Amino acid sequence: DDCLGFFKSCNPDNDKCCENYKCNRRDKWCKYVL
């Protein structure tokens, strides 16, 4: 499965962002997390 990279739209309830990224609940896109 392809993951979602930086600034890609996402669904916080079904987070498909890449490793080290998290779906931001407010902005609805993948943000980098340390």
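All residue numbers here begin at 1 and follow the chain in the order shown.
Glycine is treated like the rest: Cβ placed from N, Cα and C.
Between Cys23 and the candidates Cys3, Cys10, Swiss-Prot records a disulfide bond only with Cys10. Residue with the densest Cβ environment among the disulfide-bonded residues Cys3, Cys17, Cys18: Cys17, by other Cβ atoms within 10 Å.
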